[in-house]
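Data block below; observations after.
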Amino acid sequence: MTLTIRRVYHIAIFSWYAFVVKNLAAKDGEQLPPGIFVYGGPWKYLTFLNLLLQMLFFGLAALSDLQAGNKAESTLNRCKDLLFSVFAFPVGTFVVIFFWTIFAYDRELVYPATIDTFFPPWMNHAMHTLVLPFLLGEVVVQPHIYPQTKHALQALGGVGAAYLFWIIWVYLSVGIWVYPLLAHFSTPGLVGLFFFNMSVVVLLYLLGNKLNSHFWSKEVTSGGH
């Protein structure tokens, strides 16, 4: 019964993300507010990259459910666990927290009101709200083996730095910040913001590990630290 629920859950969430990504990608090329998809299209937004990340993870999880034999030792399962523990959970949770925190303070800094004309409310919540309950549901339906913490943090740091360079490249290329919020920071401020955000992501990684251990035995979920 548990396996059946897990399979249905993974297939359903993967299908949902595929639907959302398809609808979002279809917006590329439409008459959007200035700067929205200029240079890089949706690929410069962490929200869109996160949707792809979540879709990839749940797709791998659905494939893993179909495997026979010792799943825990399979390459697919190890990749799935690595993707969830190091990237999908901390990054996905960060997107939700960061977006709604800034939105509550001043939405124009992260999601200008002009966007509402093009992205209906359901799409906003698909990108910035439902991600978190889906991840928490994943914690409950299946255990995940976490890597050594130092290796996980190195991977997170590398990906974070790569995204930072991508944002800077976009700005240097077209003179537009990916997020209006960034225009309000000086260079030292941007550096401070980056390290603050990475600290939050690290804490969310540790939170995911704790939640995983809380719901499942350490013998099954811990890869060692």
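Any Cβ shown, glycine's included, is placed from N, Cα and C.
What TrEMBL says about this one:
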TRANSMEM  7-25  transmembrane segment
TRANSMEM  45-63  transmembrane segment
TRANSMEM  83-102  transmembrane segment
TRANSMEM  122-141  transmembrane segment
TRANSMEM  153-179  transmembrane segment
TRANSMEM  185-208  transmembrane segment
Contact check, the transmembrane segment (45-63) vs the transmembrane segment (122-141), 3+ Cβ pairs under 8 Å, seq sep 6+: yes
Recorded stretch, among 7-25, 83-102, 153-179, maximising Cβ pairs under 8 Å relative to the transmembrane segment (122-141): 83-102
Stretch contact, the transmembrane segment (83-102) with the transmembrane segment (153-179), Cβ-Cβ under 8 Å, 3+ pairs: yes
Beyond the flanks of the transmembrane segment (153-179) by at least 6 residues, Cβ under 8 Å: 35, 38-40, 44-46, 49, 86-87, 90, 109-110, 194, 197-198, 201-202, 205
